[in-house]
Each structure stands twice: as C-alpha cells, then as structure tokens.
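Asks: Copied straight from TrEMBL:
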type    : residues                                                        : note
BINDING : G27, S28, G29, Q30, M31, G32, D50, E115, K120, S142, N166, K298 : NAD(+) binding site
BINDING : S66, K73, S142                                                  : CoA binding site
DOMAIN  : 23-207                                                          : domain '3-hydroxyacyl-CoA dehydrogenase NAD binding'
DOMAIN  : 209-306                                                         : domain '3-hydroxyacyl-CoA dehydrogenase C-terminal'
SITE    : H163                                                            : site 'Important for catalytic activity'
Amino acid sequence: MSLSALTYIARRGMATKLTVKSLAIIGSGQMGAGIAQVAAATGHKVVLCDTAGDILEKAQAGIQKSLQRVVKKKYADDPEKGQEFITSTMANIETTTEPAKAVVTADLVVEAIVENLAVKQDLFRTLDKFAPAKTIFASNTSSLPITAIADSTKRQDKFAGLHFFNPVPVMKLVEVVRAPGTSQEVYECLMEFSKAIGKHPVTCKDTPGFLVNRLLVPYMLESVRLYERGDGSKEDIDVAMKLGAGYPMGPFELLDYVGLDTCKFIIDGWHELEPENPLFEPSQLLNELVAAGKHGKKTGEGFYKY
C-alpha cells in the first residue's frame, strides 16, 4: 500500500465524528416547543427561535407545565430532585427572535414552522448564510419533500428530515428522512441524536408522507369516503377501528385531533403531485368542513363538537 493511501486512511480515521450538542429550533409552536423540551431535558443546549417575544414566553410556559407533568410521574417520591430536573432543563433553553443569531453556534438546526414550501425555502436560504459549514439542517415537515426544501441551500449533503410526532415529549417515534443528497455521516449523526433524546428512530426515503403519514392519511380519507357513501356512521366507524383493530382513536377522532385543515393541506399537496393516485383523491366533505372553519378540536368542532 502506498504512503499516500496510508495517509488518507489515517486522516479518515482521525476525522471528527459528527455529534449534536447544541441545536437551534426555529418555530416555538407545539412541535418546536416539544422538541426543545426533550432536547434540553437530555442535556443539549437549545436556542428556541420565533417571530415575537410573547410567543416565546408562551412556549416557555408550556414547556414548564409539561415538565411539571413529567416530574409528577417520574419524581413522585423525590420532589426536590424533580425540581432540579425542571431547573436544569429550563436552563438549557435560550430564546431569540433572530434566526441568524439562533444558528451561529448550532450543531443542528431543526425547522418547525408552517407547512408551506416557499416559506420553509426562504427560511433555510437565509439560515444557510449564517450557520457554520458544519451545521446540519433538518425539517420537521410531515408532508413536504425534503429534497425541495434542501435545494434552497448549498448543503444538500447536510440536510435531512427529522419528523417528530405530537405530543413530542410522549411519542417515542422519530422518522429520519434521507434525501438523495444526505450524507451517510449526517444520517448516522441524526440517528444517534434521536436515540440520545430518548426517541426510537426509523429510516425512510424522501417519499410523500414518509412512513406513518403515507399510511395514516389515506386511511383517514378512506374512512371519510366510507361515511360519505353512507356505509357507516362516523361513530360506528370509530368504534369499529378501536375495538376491531386495536387503535387508540378512531379515524374521525384522529382527524379532529390532527386538524382537518392540516389533513386537507396534506392530501391536496399529494393530489397535485400524483393526480391519478386514488389514495390521494380529495374529499368534498372535508373541504366543506374546512371552508366552514370547522377544523377539529382546536376550533371546537370538526366531525365532532368539543
């Protein structure tokens, strides 16, 4: 073996393995705040970023309340230790309204903003200018193509999907989405990071809906079609899937929980990509409910009233 080959192997062996110790989370809504909580609780330094101070204050209050629920279960016999856990977790979270400032020291940036491709692309285009070259970018999108978002940057090799599930502190699953340009080192780093924050990662290619939503959204839409045809009541369909299939929620309960507007947005996007796919056929009833402002639990009414 040549000297140059040995030198290459030695240098490769000495290469620093990608690790995540600090992260910036852009978007402090339910998902962003949840990701911040689990990362901070496992010793990671977090900068949580949003557009206004009052939004960030609300997010911090929500995290504090969520941590108190954790303490009530985990540290029931040791309240002092529980309080230490809350204090140390909150100390790991900083906030800012300046995205450029949020990313300057981040090993990983996780975006958790509105499900709008153009808005996400604009954000990452800006962040790409301020984040260090080593920084990994990830989107928490549940339905948009990772490749299309990554193409707004010059670091396609350091871009992937990290799809968490709601509520983040409770749900164990994370989908690590590999775009065609995602490097092996970045993929491995994100798998290890997911495990480090107490999650169970699964791998998926950059395909519509990834794994869970690719199966879940068509299932929910087929339930609506079943109801539209008069084949069964929404109440009986919900009961049937809970008692017959062991699901914790029926499809209409789940639609209301997720948000009818969110489900419509997803299915409309997929239908545009694959108009001939019957699984992605929009629902007239769903469209009517969303147009009427009946988006589910968050508006007080969807398929059910709350």
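Any Cβ shown, glycine's included, is placed from N, Cα and C.
No curator has checked TrEMBL annotations; they are predicted automatically.
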Asks: Roughly how many Å separate the Cα of K120 (NAD(+) binding site) from that of S142 (CoA binding site), to the nearest whole number?
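Replies: Rounded to a whole number, the Cα-Cα distance is 13 Å.
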Asks: For each of S66, S142, N166, count the other CB atoms within 10 A of its CB; which of these binding-site residues has the top count?
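Replies: Of the binding-site residues S66, S142, N166, the most buried by Cβ count within 10 Å is S142.
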Asks: For each of K73, H163, count the other CB atoms within 10 A of its CB; which of these recorded positions has the top count?
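Replies: Most Cβ neighbours within 10 Å: H163.
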Asks: What's the most sparsely packed of the binding-site residues G27, G29, counting other C-beta atoms within 10 A?
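Replies: The binding-site residues G27, G29 were compared, and G29 has the fewest Cβ atoms within 10 Å.
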Asks: Around D50 (NAD(+) binding site), which of the listed recorded positions (S66, K73, S142, H163) come within 10 Å, judging by Cα atoms?
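Replies: So the list is empty; none.
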Asks: State the count of C-beta atoms found within 10 angstroms of the C-beta of K120 (NAD(+) binding site), not counting that atom itself.
Replies: 21
Asks: Comparing the binding-site residues M31, D50, which residue's C-beta has the most other C-beta atoms within 10 angstroms in this structure?
Replies: D50
